[in-house]
Amino acid sequence: MILVVLDHDGSKLRKASLEALTRARKLAEALGARVAGVLLAEGPAPVEEARGYVETLYVAEPGPYTAERWAAGVLEAAKGGARAVLAPSSRQSRAYLGRVAYALRAGLLEDTLDSWAEGGQVYATRYAYLNRVTQKVRSALPAVLTVKPNTTPLAEPLGGQGEAVALSLPPVPTLEVLERVQEEKRGVSLTEADVVVTGGRGLGGAEAFQKVEELALLLGGAVGATRAVVDAGWRPYAEQVGQTGKTVQPSLYIALGVSGAVQHLSGMNKSKFIVAVNKDPEAPIFKHADYGIVGDVHQVLPSLIQAVKRLKD
Amino acid sequence: MKFVAVIRQVPDGESRLKVQGGRVDLSGATLILDQMDEYAVEEALRLKEKHGGEAIVVGFGPERTEEAIRTALAMGMDRGVHVVHEGYADPVAVAEALAPVLKEEVPTLVLTGGQQADWDSQALGAALAEALGVPVVAWTTALELEGETARAKHDLDEGAEWVRVPLPAVFTTQQGLNEPRYPTLPGIMRAKKKEIKKVAFQGTAKVEVLEESIQEKARLGKILDGKDPVAAAEELVRLLREEAKVI
Ligand SMILES: Cc1cc2nc3c(=O)[nH]c(=O)nc-3n(C[C@H](O)[C@H](O)[C@H](O)COP(=O)(O)OP(=O)(O)OC[C@H]3O[C@@H](n4cnc5c(N)ncnc54)[C@H](O)[C@@H]3O)c2cc1C
């Protein structure tokens with residue numbers, strides 16, 4: 001059995017789950033195994049939708065998310081004889097799959113770009129060294145893989161309805177959630193956006209981000225921020241791009257008043273085209289840019305907005 | 001109380017990487033205490049300063065890792081343990097090798113960086129928690145002890161949450177938790193005399209790295225002068241439209 005953790009938002013499966021299913025089917029074919037899914041997490045789970053993609057679906061009772069409960073749920077489902085476990089890469093999955101891998105004494109392949117099986121072993125490609133190096137790695141079975149979003153075509157439903165099996169989670173020592181600090185979602189999701197417009201400390205303050213938002217809206221994109229901006233409280237953490245923020249890979253990444261520190265680059269250096277606006281011609285970001293303007297962002301940004309508007313008219 | 005920081009030594013993100021025979025060659029790189037682990041060391045020191053007890057640094061990696069352990073000792077950690085291993089090791093194998101050392105120490109809590117700057121793994125904290133049978137708090141940005149428990153804030157995919165967790169527990173650290181201190185000269189002198197216990201690696205490798213290549217995308221580097229911002233913006237939009245075809 002190849003087990004896929006099916007992430008959902010309380011009403012439907014996330015796109016990243018459909019990518020993980022595609023990868024799981026590829027492994028299942030090479031290893032002569034079937035694909036099973038597991039649905040966890042809070043809120044009403046999209047059971048009917050998920051049954052359309054797998055032969056067996058393990059469904060756990062809804063409950064508050066903690067890494068320990070997720071690990072317990074996945075391990076319970078894996079008892080059906082999982083040779084590989086796949087899940088979308090996310091902060092949550094990073095917190096529980098390390099536990100799962102240890103419990104199964106499995107090879108853990110994180111943030112894989114592609115994966116395949118050969119001679120009873122699992123191979124994958126992934127980035128390392130803050131996204132500067134590509135590695136080819138190999139694990140014996142069992143293996144646990146996380147699938148980097150936007151790397152894999154989405155799976156199609158099988159055309160039937162898989163069998164649903166109820167899972168009860170054993171009690172596990174875990175943390176107690178005292179308070180959720182939800183950040184309101186604005187516009188296009190950062191990790192899925194095809195255009196990202198990021199502001200750095202060079203913007204000088206929170207107000208200047210109105211113009212960043214305006215440009216992002218015009219281009220149908222999302223707003224990003226550097227750690228310096230988030231630490232200053234100008235923008236929410238959910239918008240942070242980089243090693244401790246989100247990884248994005250849009251067609252167009254526009255960095256405004258961003259110096260180009262390695263920890264920031266690691267979150268965006270795979271973008272197709274990178275544009276930089278910075279008043280310092282020596283700023284490291286220019287070494288990583290396809291196009292750039294050396295100038296004051298407070299003058300260049302309004303002009304950019306005007307130029308894009310003229311183009312749209 | 002006993003506060004343990006688990007650390008590694010990694011190449012400085014600014015240093016150039018070379019590939020030799022399909023593998024990253026670090027011989028010319030500047031090697032540092034992983035910055036993510038630095039937050040773990042700093043937090044262990046602050047907890048000890050506030051609550052008393054001992055702060056221990058546990059390093060994993062080749063002989064040279066001793067330099068990073070000495071850095072942590074110079075920052076103020078009391079003593080070190082070095083689990084010696086050459087080359088790549090996957091997080092499950094690392095956790096297997098570290099588990100007996102940590103179990104012997106009986107720590108109040110264990111801290112380690114949220115992501116390794118060389119192997120980009122984010123799993124060591126969770127794997128260690130499983131090996132010790134304790135909860136994990138990933139991507140911690142605030143941490144306080146309250147008797148037998150800790151109150152902590154940590155990041156989620158969207159937003160963050162405050163949690164209470166029974167101790168012992170494992171915390172993974174990141175930027176925002178604290179500002180790591182610099183080693184002082186007296187600290188560096190004292191660190192030379194502090195104990196570092198060497199332990200042989202005992203774990204089974206689960207993952208093998210077969211090949212590595214540097215994939216720095218060649219960039220066009222077309223930089224315009226913004227003295228006339230209107231003209232520069234017009235030209236940029238034209239290039240994005242006609243040449244890059246992305247808008
Ligand atoms: C372990 C670790 C993890 C980290 N994780 C992240 C992460 O996830 N994401 C992240 O972003 N950072 C991260 N950082 C921080 C990172 O090292 C940098 O400090 C940060 O990215 C800098 O943000 P910045 O470019 O906005 O600010 P600065 O470095 O201050 O740069 C501002 C830039 O704006 C330019 N500028 C100033 N005024 C103007 C103007 N009027 N017009 C045009 N340009 C102007 C300046 O020339 C400068 O280049 C991390 C650091 C560590 C140690």
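Cβ atoms are placed via backbone N, Cα and C, with glycine included.
Going by TrEMBL, these are the annotated features:
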- A:2-184: domain 'Electron transfer flavoprotein alpha/beta-subunit N-terminal' (DOMAIN)
- A:Arg201, A:226-227, A:240-244, A:257-264, A:Asn278: FAD binding site (BINDING)
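Mapped onto three states, the DSSP output places A:Gln240 (FAD binding site) in strand. When each of the binding-site residues A:Arg201, A:His264 is scored by how many other Cβ atoms sit within 10 Å of its Cβ, A:Arg201 comes out lowest. Neighbours of A:Val258 (FAD binding site), defined as other CB atoms within 10 A of its CB across all chains, total 30. Of all the Cβ atoms in the protein chains shown, 25 others lie within 10 Å of the Cβ of A:Gln243 (FAD binding site). Proximity to chain B, taken as a Cβ less than 8 Å from one of its Cβ atoms, holds for A:Gln243 among the binding-site residues A:Gln240, A:Gln243, A:His264.
Taking all protein chains in view, 18 other C-beta atoms sit within 10 angstroms of the C-beta of A:Ala261 (FAD binding site).
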